[in-house]
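Inspection log for the structure reproduced underneath, given as structure tokens.
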């Protein structure tokens with residue numbers, strides 16, 4: 001029977017992680033469990049930086065961005081010997097299970113711990129919305145608000161100067177954040193990792209817009225597709241229109257979480273406790289069709305793929 005659990009945040013931070021930690025702690029305490037926080041993710045787990053949390057440890061945390069437990073990249077966790085030390089640090093404190101909040105890399109760590117006999121539950125915490133087994137991840141909607149606000153501001157100055165603006169959005173190899181922000185921000189063009197990109201095709205579309213009398217434009221593009229500064233130079237050369245690139249960067253990860261992220265994080269945190277008390281381990285939590293669900297974490301990592309919603313992209317193109 002589970003009596004003590006740990007909770008950590010790992011990988012890139014996202015708004016709502018604190019709300020998720022709070023959900024785990026408050027729900028766990030209400031069920032009579034002891035809850036321990038691990039500082040700086042898997043690195044802190046390896047270094048034995050573990051502390052007991054009470055309900056006051058998470059007071060006034062639901063509205064704060066980032067993660068008060070901290071997060072760190074720790075590639076050495078791939079090594080079995082490193083994980084064995086981490087498990088030893090948990091077992092000597094009497095911990096029975098671990099809740100991991102993070103993206104697919106964090107899930108991989110939880111998967112490996114589970115395979116070594118230590119039960120874990122994963123919660124999807126990333127602005128990229130690229131985790132399998134869930135429609136939305138914790139932090140996605142807050143990041144979306146941040147990106148849309150930036151696009152709105154860029155449109156003001158682009159309109160004033162009759163300029164083309166390129167805005168680079170996070171997402172790694174998932175275009176969800178870019179596509180949603182482009183629709184909400186009224187961007188004229190979208191460049192996504194799921195769709196083959198040729199700069200000359202984009203220039204053709206921009207020229208077509210100019211021919212119709214378009215005096216400015218916003219191009220939303222997901223990171224890692226190309227060098228946006230070089231793309232801006234190419235567009236300016238080919239169209240004769242002043243073109244500027246803006247990389248939003250890590251500002252997208254910060255800020256007070258919006259209401260939906262707070263609710264999603266709180267419900268997922270509490271649900272992880274329910275699953276552990278029911279004897280589940282090696283699961284990851286998600287929300288699908290507005291319902292909380294859970295999947296085998298190994299299956300989620302190895303077999304489940306997030307579907308690309310091409311129908312939304314096609315609809316978006318009709319709105320430009």
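Using N, Cα and C of the backbone, Cβ positions are placed for all residues, glycine too.
These numbers come from a predicted model, not from an experiment.
According to DSSP, residue 128 (active site, proton acceptor) is assigned to coil rather than to any helix or strand. Other Cβ atoms within 10 Å of the Cβ of residue 128 (active site, proton acceptor), summed over all protein chains shown, number 27. According to Swiss-Prot, the feature active site, proton acceptor maps to 128.
What Swiss-Prot records for 12, 73, 74, 103, 104, 105, 106 is ATP binding site. Shown in sequence order, 71, 102, 103, 126, 127, 128, 253 are the residues of the chain, 6+ apart in sequence, with a C-beta less than 8 angstroms from the C-beta of residue 12 (ATP binding site).
Look at residue 59 (ADP binding site): DSSP puts it in coil. According to Swiss-Prot, the ADP binding site annotation covers 22-26, 55-60, 155, 186-188, 212, 214-216, on the basis of sequence analysis.
The DSSP secondary structure for residue 104 (ATP binding site) is helix. Taking a C-beta cut-off of under 8 angstroms and a sequence separation of 6 or more, residue 104 (ATP binding site) has the following same-chain neighbours: 130, 131, 132, 301. Feature annotation from Swiss-Prot assigns Mg(2+) binding site to 104.
Annotation source Swiss-Prot lists substrate binding site at 126, 127, 128, 163, 170, 171, 172, 223, 244, 250, 251, 252, 253. Listed in sequence order, 163, 164, 165, 166, 232 are the same-chain residues six or more apart from residue 244 (substrate binding site) with CB atoms under 8 A from its CB. Reduced to three states, the DSSP call for residue 244 (substrate binding site) is strand.
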Neighbourhood of residue 25 (ADP binding site) by C-beta distance under 8 A, where only residues 6 or more apart in the same chain count: 7, 35, 37, 53, 54, 55, 57, 58, 269
Taking the Cα atoms as reference points, how far is residue 74 (ATP binding site) from residue 172 (substrate binding site) in Å? 19
Here the binding-site residues are 56, 73, 105, 216, and the Cα closest to that of residue 251 (substrate binding site) is found at 73
Determine the most Cβ-crowded residue among the binding-site residues 22, 73, 212, 216, 253, using a 10 Å radius around each Cβ and all protein chains in the structure. 22
Tell me, which binding-site residues from 22, 59, 186, 212, 216 are within 10 Å of residue 106 (ATP binding site) if we use the C-alpha atoms? none
Residues other than 12, 73, 74, 103, 104, 105, 106 within 8 Å, Cβ to Cβ centroid, of the ATP site? 10, 11, 41, 102, 108, 109
